[in-house]
Amino acid sequence: MGGNMKKIIVVGNGMVGFKFCEKLHQADQEKNFEIQVFGEEQWPAYDRVHLSSFFEGKAKDELLLAPREWYENRSIELLTNTLIVQINRNLQVVIDHLGNKHQYDYLVLATGSSAFVPAITGVEKKGVFVYRTLEDLEALKSYASHCKSAAILGGGLLGLEAAKAALDLGLQTHVVEFAPRLMARQLDDQGALLLKTKMEELGIQIHLQKTTSEILGNGKLKGLQFTDGSFLEVDMLIISAGIKPRDELARKTGLAVAPRGGIVVDDHLKTSDPNIYVIGEAASHRGLIYGLVAPGYEMATQVVNQLIGKEVKPFEGFDMSTKLKLIEVEVGSFGDALGETPGSKPILYKNKTKGIYKRVNISADGKRLLGGILVGDTSQYGMLHQFFQNHMALPPEPEDLILGNRGGKSAQGFGIDALPDSAQVCACENITKLHLCQAVQEGNQNISSLKECTKAGTGCGGCLPMVNDLLNSELKKLGKAVKTTLCEHFSYTRQELLDLIKIKEIKTFRALINEFGSGQGCEICKPVVASLLASTWNEPIVKHQHIQDTNDRYLANIQKGGSYSVVPRIAGGEITPEKLIVIGQVAAKYQLYTKITGGQRIDLFGARVDQLPDIWEELIAAGFESGHAYGKSLRTVKSCVGSTWCRFGVQDSVSFAIEIENRYKGLRAPHKIKGAVSGCIRECAEAQSKDFGIIATEKGWNLYVCGNGGSKPQHALLFATDLDSKTCIQYIDRFLMYYIKTADPLTRTATWLNKLEGGIDHLREVVIDDSLGLGEELEREMEFLVNTYSCEWKEVVENPQLRARFKPFINTEEPDSSLQFEPLRGQKIPSNWV
Amino acid sequence: MERETIFWFKAAPIHAFPIDSGACIKYLDQQIAVFNFSQSGEWYACQNLCPHRMQMVLARGLLGSCGEEPKVACPFHKKTFSLKDGKNLNGDDCHITTYPTKIEGEYLYIGLPFETSQSEKAENIT
């Protein structure tokens, strides 16, 4: 350690204090700082937000944000069980409860808050608890074992959390609130009333407008006496009436403290002493205390940036929007939820039958969304929050925001051009649209250089399609031709490459890149070419192992920790008891974690590479085939039970689903394809959320196309009605083949259709009216692919050379010992994911 | 980096490696990813651990090039690394260690830093 290191002392090892250590360690590349942390509790920092999961049986260790080794490995000195009792600002020293002195250059107070306990007579009685620390929870839990009922004092966010805990402990639960409604700060009367109704349905009794005058009982609590004369008999009381910032240390040392508590900080989170910062719930910023973790984290980042000398924007308060699931009830609240802005106009939607309440508050000029409330259904929260946060212009009929578009003129798209410059595109790295546009204008005109320059899309990668659209739209504005060439190795589009492969009869990646490309290829073009070769020649994909992404290379899905999961095909979701038993036996033998998938089949997780061929040998012997869950190919054709059993069914949906799934199994495409067949209009197979969906009618089948679930759900569109089975298959043949031939890489059918000129009408002309004269060719190509299908796993299992590729090491037969698992609910999960 | 002392670990016969692709070698507790380009006859070795999420998977990544730079893409999140110097090519802050390779008599050898050798494999030192 160098001699001129600055010493940082962090007082408080809560969530915010921990985040500060993490951020500072990360940012301090030059090792300028030495960190020492004091925590008064016996455990290192734990996840207070999910404290109630402690009652769901989660162990204490699982709640820790990081084990002690985490601090040791980073040379952060952590002293738990140690309370700092004094600060000597002149000497820059803190003194702990044992009298030890610790020198600091900068002091960061992250002392957090304690539960606010109102001064009610009898509050000291046995059976009265607060809900704040793990210690509180342990005490509460052990006392509860002798109790039948509990009252929670406080009907806010924290109080309802505590109510959930009491419910989990099997107690008759009462919530006592002084205000006339629950969550008074986040919800209006109607929203709170709905929440109350839902809570009551779950067996929680809600008592509103009750002021407790005395806690009765002889040494031990017996009940609550209210000022209105009524009495509530309970065995225990949990006080959750708010928080009180821990500012006593600051008070003693003469730092400015706000009248209602909290250590006063400026916009740079500095106290009246320039060497002392405060972050988290102990800070009073512009008169406000922030009792959520997100603003605390933001403060931690701010201070870290200041310490390492990075330019910082002043802390300007924080959006206190919340979305959460409270005891089975979804609740969202954002911005000016109660409509307190002068002139604001609310739009309300209430559905008592469904238990849904929505409210948005529109500005006086009708142009901006000020805030809102969602109870019972928070699915629109993300979209509404975007509108609110980015000050986006509202649609002409603002009620569409909560009601959805109800026919008529189609709603304005939320396309990339509609987004304001301030819109956050990449949430992981906090990159705005403006930031990206500028980077494009400065010359970052391909996706990789844009990613490298801005870091957008380098976290979870979920925003990459949006980043790409933005790049193309910006390039167009700059007057540059946008040609979606594949990557630096091929200046052709996917469609052009497909034509070249076909016309020139190219069968390998090497031949294609030698003749039409340059370099050695990459992770973009190799899998695309693999898919094109498969869609054209349908040779076993194991032949092109070196250009397959890892899932296609090992014919299984890679999972956390590097093990693989195995999904046998269960066409239409129909399986005999005998085959079900085989899956169970295989899973038990290889100790695989089993889970039912959304596509009506069974996923077996946690197989080592070298176990895959053995597992498949057993599955194939029992008559299973590859489910292609690893491929950009047909996954499942889901079905409901249909007319064979169901009293409503009008067609045999299972038989048709099996026929279709077997027809298209193994079909390689630009992206995964999912289908479904429903036996009647009730649509139990959810066919309208699939790439192709079939719904039975009295006369035949209705065909829907281009739907998907996922991050941007889109309903499939009705394509043709009352088809017989043969025509229905003919249309799907043409539709899928046209998609395979014309879509960009990694584009689902829904996105493909959205970009297709002429849209669904054009698609109908091509498929039904054969306007391009392609019909027969498309059918012939599909027929070829159907006829040349073979199970990839069968080939591997039967071929010793291919089998030999499934081992972790070339130079030894040992299995990979880096794979590690831990138990969860009687099964296993991977444990080494950082 | 100064490379005062390396020793050449005799990894495996070259025909055991898949062409234009990656494979993993185990040396003591260390996992080393090995790649070859059949066109140019180049061989590369690097750590098997992807530093992004600490996963032992780079050998299962796709091989490729970025300009003249040979590279590998991690199968998990497509972080790409130069096989020449281990530099991250996405502009991220994580890099990997690469090792020199040589072929002698149909065998691939990997040059490992001496301290990893832990003395008992001393017969491999050339």
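Glycine is treated like the rest: Cβ placed from N, Cα and C.
TrEMBL entries are annotated by machine, without manual review.
Per TrEMBL, the features are:
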BINDING   A:Cys640, A:Cys646, A:Cys680, A:Cys684  [4Fe-4S] cluster binding site
BINDING   A:Cys684  siroheme binding site
DOMAIN    A:7-283  domain 'FAD/NAD(P)-binding'
DOMAIN    A:321-385  domain 'NADH-rubredoxin oxidoreductase C-terminal'
DOMAIN    A:425-472  domain 'BFD-like [2Fe-2S]-binding'
DOMAIN    A:559-621  domain 'Nitrite/Sulfite reductase ferredoxin-like'
DOMAIN    A:631-768  domain 'Nitrite/sulphite reductase 4Fe-4S'
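Structural mapping of features recorded in TrEMBL.
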residue  : record                        : Cβ within 10 Å
A:Cys640 : [4Fe-4S] cluster binding site : 27
A:Cys646 : [4Fe-4S] cluster binding site : 16
A:Cys680 : [4Fe-4S] cluster binding site : 20
A:Cys684 : [4Fe-4S] cluster binding site : 18
Among A:7-283, A:559-621, A:631-768, which stretch has the most Cβ pairs under 8 Å to the domain 'NADH-rubredoxin oxidoreductase C-terminal' (A:321-385)? A:7-283
What are the helix, strand and coil residue counts for the domain 'NADH-rubredoxin oxidoreductase C-terminal' (A:321-385) according to DSSP? 5 helix, 33 strand, 27 coil
Tell me the residue counts in helix, strand and coil for the domain 'Nitrite/Sulfite reductase ferredoxin-like' (A:559-621), as DSSP assigns them. 32 helix, 14 strand, 17 coil
Using the centroid of the Cβ atoms of A:Cys640, A:Cys646, A:Cys680, A:Cys684 as reference, list every other same-chain residue with Cβ within 8 Å of it (recorded [4Fe-4S] cluster site), in sequence order. A:Val641, A:Gly642, A:Phe648, A:Gly649, A:Ser653, A:Ser678, A:Gly679, A:Arg682, A:Glu683, A:Ala685
For A:Cys684 ([4Fe-4S] cluster binding site), name the DSSP secondary structure in the helix/strand/coil scheme. coil
Counting by DSSP secondary structure, give me helix, strand and coil numbers for the domain 'Nitrite/sulphite reductase 4Fe-4S' (A:631-768). 52 helix, 33 strand, 53 coil
